[in-house]
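*Asks:* Have a look at the structure that comes next, please.
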Amino acid sequence: MIDNVITAIDRVAAEHPTRVAYDYEGTQYTYAQLKEGSDRLAGFFAETLPEHEPIIVYGGQTFDMVEVFLGLSKSGHAYIPIDTHSPNERITQVQDVAHTPAIIEVAPLPIAVPDVQIIRAPELHEAEKTHALISSLQHAVVGDDNYYIIFTSGTTGKPKGVQISHDNLLSYVNWNISDFGLKEGVVAMSQPPYSFDLSVMDLYPTLVLGGTLKALPKEVTDNFKTLFATLPKLGLNEWVSTPSFAEIALLDPNFNQDNYPDLTHFLFCGEELVNKTAQELITRFPKATVYNTYGPTETTVAVTGMAITQDIVDQYPRLPIGFAKPDTEIFVVDEQGNQVSAGTEGELMIVGPSVSKGYLNNPEKTAKAFFNVGSQRGYRSGDLATMTEDGMIFYRGRTDFQVKLHGYRIELEDVDHNLNQVSYIKQASTVPRYNKDHKVAQLIAFAVAKPNDFESDMKLTQAVKAELGKMVMEYMIPQRIIYRDKLPLTANGKVDRKALIAEVNH
């Protein structure tokens, strides 16, 4: 149990200065380098930036990004990460909401951002080597101060900045370390971009434990041949990703325990872990434990979790997302806000110390999504779920991924789940096609098919629909199935449903 994230990382540097904190494709950086560099940057930021203002940090999957994050935290600033693979308009959209006084260029900005101080990479590199160390941590981020702000997409196209405090992060890190049994010195894959809160799942627990982050930049993950050649060389103990990324790795027949002898932990979050993916991982990695977790960005990475064992896979065609972490209460409520009985579907309400204070500079959206229960903060998740008597939770989809077709309410993720069970289908995502009156006219599925002997897509579709028809009501069967070699992913590694919706409704 730690009581401060910043001092816990500094303690590792004091006790194990030569230990490797970060490994970027073979270039290694020690905890001593992380501490000295972040201390010098903190001194520089304390002199250069207005007090306590959040600061945008633009860059990729590099050690410099982590050093800047820590330097900002030590000097009392929240950081707002923007990944280099974000569209250019993302930078201006975030700045329009955040009004930050400065942007730190770890990588060069692709566009000009007027009326804001730009701290460029040469200045950073000079400061991290020569600037005086920060004299003390008395102004460092602590308690309810914002530690980071991650922007998620908003329904109006205007992104929402989720404010995560030091205490929110502390609650998450302590739970992650204790519940998932991670050991000191853990070697963890660092694949999600820092603008995606899943990255926090590997970043801070690993550093607090004196472990090593093995960066996996997008240039590697985008090329399957390079990816499959790189992964076995990393010597991983811990794998953190979306299930979609693991499904890519599973395309490589060599992705198994023999070639990854030290891999003991799979931690999944960000989207639904399907039964057959879990089964394949359990089969291929008998010495590893597969953890399924769940949590909106607004509740700091994840608030539920459990080990997915062979018994769980056998018992539940649709896997549970686990139990609430010990310091958190989760309720399932109906549309009137009343708690429902065990097994009844409703919306998840999350109350506890890792729930955000709200959206940056957006009191209206904050008031709609957040509430107080005594001294605790609560969040309306917009996620549908059921809960058993003993508190095990099953995710059932999004309230905003519900569509009505011919009067029937359909969960798109429910259709996906069942399509993914069809023997001919490797991966599928279902989207609505709207008519000119903006009503749903059709369900269309995009699918990656397994190798098969059908003479045409039409014959394959007939077989898929016949098998699917044994699992779901007729009205849930997509009218069309479009086959692709792969489905588009967002920058965060999730299936890009919005891109598919746009494609069928252009």
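Cβ coordinates are placed from backbone N, Cα and C, and glycine is handled just like the others.
Found this in Swiss-Prot, in case it helps:
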type	residues	note
BINDING	THR152, SER153, ASN292, THR293, TYR294, GLY295, PRO296, THR297, ASP383, TYR395, ARG396, GLY397, ARG398, LYS494	ATP binding site
BINDING	ASP197, VAL301, LYS494	D-alanine binding site
*Asks:* Inside 10 Å of the Cβ of VAL301 (D-alanine binding site), count up the other Cβ atoms and send me the figure.
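*Replies:* So the number of other Cβ atoms within 10 Å of VAL301 (D-alanine binding site) is 30.
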*Asks:* Please give the greatest C-alpha separation between any two of the D-alanine-binding residues ASP197, VAL301, LYS494, in angstrom, as a whole number.
*Replies:* 15
*Asks:* Out of THR152, TYR294, ARG396, ARG398, give those binding-site residues positioned within 10 angstroms of VAL301 (D-alanine binding site), comparing C-alpha atoms, in sequence order.
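*Replies:* Close binding-site residues: TYR294.
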*Asks:* Applying a 10 Å Cβ distance cut-off over all chains shown, what neighbour count does ASN292 (ATP binding site) have?
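*Replies:* Around ASN292 (ATP binding site), other Cβ atoms within 10 Å: 24.
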*Asks:* Return the single residue from the binding-site residues list (ARG396, ARG398, LYS494) that has the minimum number of other CB atoms within 10 Å.
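*Replies:* Result for the binding-site residues ARG396, ARG398, LYS494: minimum number of other Cβ atoms within 10 Å at ARG398.
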*Asks:* What is the interatomic distance between the Cα atoms of LYS494 (D-alanine binding site) and ARG398 (ATP binding site), given in whole Å?
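*Replies:* Per the Cα atoms, LYS494 (D-alanine binding site) and ARG398 (ATP binding site) stand 15 Å apart.
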*Asks:* Can you tell me how many other Cβ atoms are located within 10 Å of the Cβ belonging to ASP197 (D-alanine binding site)?
*Replies:* 27
*Asks:* Can you tell me the CA-to-CA distance separating ARG396 (ATP binding site) and ASP197 (D-alanine binding site), as a whole number of Å?
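*Replies:* Checking the Cα atoms of ARG396 (ATP binding site) and ASP197 (D-alanine binding site) gives a distance of 22 Å.
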*Asks:* How far is it from ASP197 (D-alanine binding site) to PRO296 (ATP binding site), counting Cα to Cα, in Å?
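*Replies:* Between the Cα atoms of ASP197 (D-alanine binding site) and PRO296 (ATP binding site), the distance comes to 9 Å.
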*Asks:* Can you tell which of the binding-site residues (THR152, TYR294, PRO296, ASP383) has the fewest other C-beta atoms within 10 angstroms of its C-beta?
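*Replies:* It is THR152 that, of the binding-site residues THR152, TYR294, PRO296, ASP383, has the fewest other Cβ atoms within 10 Å.
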*Asks:* Where does ARG396 (ATP binding site) sit in the DSSP three-state scheme?
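*Replies:* SS state of ARG396 (ATP binding site) = strand.
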*Asks:* Determine which residues of this chain, when ASP197, VAL301, LYS494 are set aside, have a Cβ within 8 Å of the centroid of the D-alanine site's Cβ atoms, and list them as they appear in the sequence.
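*Replies:* Those within range, site residues removed, are PRO192, PHE196, LEU198, SER199, VAL200, MET201, CYS269, GLY270, GLY295, THR297, ASN492.
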